[in-house]
Amino acid sequence: MSASVAVYRDIYTEDRFKQAYGSEESTNGSLRLREKLAGRCRCSKRAFLHLLRERVPIFNWLPRYRLKKWLLGDTIGGLTVGILHIPQGMAFALLTSVAPIFGLYTSFFPVVLYMFFGTGRHVSTGTFAVVSLMTGSVVEQLVPTPLQLNSSSSEAADFEAQRIGVASAVALLSGIIMLCMCGLQLGFLSTYLSEPIVKAFTSAAAFHVTISQLQSMLGLRLPRHTGTFSLFKTVASVMENLPHTNMAELLISMVCLAVLVPVKEINMRYRQRLRTPIPVEILTVIVATGVAYASSLDSSYNIEIVGHIPAGFPKPRMPALHTFPDIAGDTVAITFVGYAVSVSLAMIYADKHGYSIHPNQELLAHGISNTISSFFNCFPSSATLATTNILESAGGYTQLSGLFTSLVVLIVLLLIGPLFYFLPKAVLACINVTSLRQMFLQFQDLPELWRISKIDFLVWLVTWLSVVVLNVDLGLAIGVVFSMMTVICRTQRAGCSVLGRASNTEIYRPLENHSKCYEVPGVKILTYNGPIYYGNRSFFREEMSRLLGLTPEKIRSWEKARKALEKREREATINTVERGIANTSFNSENEFFKSETPESDVQAVLIDCSSVTFVDVAGARLFTQMCIECQKVGVHVYLANCNESVLKILTSSGLMNYMNPQHIFVTVHDAVMYIQQQKEKPPENTMTVWV
C-alpha cells in the first residue's frame, strides 16, 4: 500500500520566506558584541572553576573516578605499559642518537604531565619511533659522530651533552609551537594530515627505522646518513661493509628476533584471552643483560653495550637555545607529525569507548609535556601506537593509568637503571624493529582503500614513495601538498548535471542517472556539485554554456537580431509620427523573440545551488556575466536553494542589478511552479505537491 501526501502552500521566494519565517535583524549588533565580550571576560568563582576543569581535565574526571570499577584496570594497564616503556625508551633513544638514559627520562615526565592535561583516557605518551627518528636526523646534522671517540673520556661526556642539548631544544621548540597553536585555536590543522597520509607516512618511516638499525644488529660502526636518499645511502653503506659484520652481535640479533617476533604474534592473536600481554621485551632485556655480564661479551667479542646508566633524578638543565634557527624547519615537521599521530590515536579510542577529544586541549597537553620535559634532558614525545594499544587491551580506563606507568619507570630510574650496563645495543635495535609490526601491517589496508577510493589510494602511494625515496620530513610535505592538490582538482572538476522532475512529485534528480524523470518544458534546471571560485570558474562557465547551448555564435546572432528589432521599431515610430501609420508587424521585443524562437527552446534557466557550498568574488562575477548573456538571448535566470553565505555574496556583488530579486526561490519546485504560472497566468499563487 503506497502513501501519498498533499501539500498546499504559497510559492516562496527567499525574500518572502524571510519575511514570514526569518529572524528579526538586530539593530544594535555592536552592543551585543560588547555584551558577549563582557560575558567572556567576567571573573567569578564559577567561571574560574569552569576554566580550571577545562584546561586541567584531571580536576574534571578525578572527582568522578569509579574506584571499584576502574582502579584494577588502570593499575594492570599502567604497570604493563610501564614495563614496556623501559626497553622501548632505551631503544628509541638510540634512534634519537642520544644515550639510553634519556629515553627513560622521556618515558617518565611526559606521561605524568599528560595525565594532568590530556583528554585521551586510553592514550599512552612517551617515546615514538617516527618522532625519535626525525629528531635523530636533526641531532646527527648538528652534532655528527666523530670518527674516533673514547667512550670513557670527558670528550665523550661533552659529546653526549651536546647531543641531548640539541634534542631537548627540539622538544622545547616543539612545545612552544604547540602552545602557540593552542592559543590561536589551531587544533583543526591536524585534519590536513588525512588517514591515508598518516598511515602511509608511518609505514614508510618504519622502513627508515628498520634500515637505520641494521648497523647495530650487524655490529657495524658506520656514520648515520641524513637528508634526501638517506635510506639508500644507508643500505649501500651496510652492503659495502657486510664483510666486517660482528658475528657475535649478528647471532644475538637473530636470537632476539626469533624470540620477539613469535611472542609478539601470540600477544596479538590471543590478546582477547590474555589478561596482560607477555612482557617479552623486558624479559629479553633482562636475559640479554645477564648473559652479556656472565660471558663478558663486550671485552671478548667487542660487542657494543649500553654502558653507564646513572641512577637518580635528572637535574634541570637549559636546552641548547642557540640551535633554534638551525632546527626550526625540522621542528615544525616533527611537531605536526607528533600532534597528528597523538590526536588520531586519541580520537580512534575515544570513538570506540564513547567519549570526546578536544584537539586544542591536546595541543596544550602535548605542548606543556614537551616544554617542561625539555628542561629535564628529554627529547620530543608523543602518543605511541604500541603502548596505547596495549594499555587499552590490558583494561585501562582513565588517565590514572599514567600514574602507575610513571611509577614503574621511576623505580628503574632510581634503583634498577645501572643494572643494564651490560645490555647489548643489538637487543635494543631488535626491539626497535619488532615494535614496528603494526606499521608494516598497514599494507593490508591497501586493497580495501583501492576499492573505496582510488584517489585516497594514490595519496597513500605518493606519500609512501616520497618518504621512502626522499626523506621523512620532505616526503611528508609532498604527501600533504599532493593530498591538497587532489582536493583542489576534485572541486575544479565537480559534476554539472541537468535535473529532471519525477512524475507527480516535487523531486528533481539528474537525468543521466534517472531515465524516467523528465525535463520541464521550456525550463533548463542545472545543478553544480561543488563550490564556485576562481579555481573552477572557467570549468563552470564551459559546462553551463555547453548544457544551455549558449555558444558565442548564438549570442552574436541574437544581438544582431536585437539590433535589427530596435532599428525596425525606430523606423516604425518615425512612420507613425510622420504618416500617422502604425507598424504592427512587431509589437514588442518579446513577440520578436517568440517568433524567432521554437517552442522547444529554453526560455528560463533555473540553477539549483543546494550543492554550492561557497562562492567567491570571481564566482559571483561569473553569475552576473551569465545573467547578462542569458538576457541577450531572451532567457530568464532563476536561483533556488541558496545557502545564506552564497546568497549574501551574490547580493553584495551586485547581481541583483542584473537579476530580478523575486527570481530567487527557496526550493527548485517553488521556482518551477512560478515559471509555469507566469507562462499560464493562473489566478492564485498556490501549488499542490503529491508525493
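Any Cβ shown, glycine's included, is placed from N, Cα and C.
The feature domain 'STAS' is assigned by TrEMBL to 513-675. Per TrEMBL, the feature transmembrane segment maps to 92-117, 164-188, 247-266, 278-296, 327-350, 403-423, 457-483.
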Against which stretches of its own chain does the transmembrane segment (164-188) lie, if we need a Cβ under 8 Å and a gap of at least six residues from its ends?
96-99, 102, 135, 138-139, 142-143, 317, 319-321, 323-324, 327-328, 330-332, 334-335, 338-339, 343, 358-364, 366-375, 377-381
Should anything in the same chain at least six residues away from the transmembrane segment (403-423) have a Cβ under 8 Å from its Cβ atoms, list it; otherwise answer none.
74-75, 77-79, 81-83, 85-86, 89-90, 100-101, 104-105, 107-108, 111-112, 115, 124, 285, 288-289, 292-293, 297-298, 305-313
Same-chain residue ranges lying at least 6 outside the transmembrane segment (457-483) that approach it to Cβ under 8 Å:
130, 133-134, 137, 192-194, 196-197, 199-201, 203-205, 207-208, 226-232, 330, 333-334, 336-337, 446, 449-450
For the transmembrane segment (92-117), sequence-distant contacts whose Cβ falls under 8 Å of one of its Cβ atoms, 6 or more beyond its ends:
55-58, 85-86, 123-129, 132-133, 135-136, 139-140, 143, 145, 160, 163-164, 167, 209, 212-213, 216, 224, 306-307, 309-310, 314, 361, 364-366, 368-370, 372-373, 376-379, 381, 399-400, 402-403, 405-406, 409-410, 412-413, 417, 420, 423, 425, 428-429, 432
The transmembrane segment (327-350): which same-chain residues, six or more beyond its ends, come within Cβ distance under 8 Å?
118-123, 125, 128, 130-131, 134-135, 137-138, 142, 166, 169-170, 173-174, 177-178, 187, 189-190, 193, 195, 198, 201-202, 356-357, 359, 362-363, 366, 380-383, 385, 388, 392, 472-473, 476-477
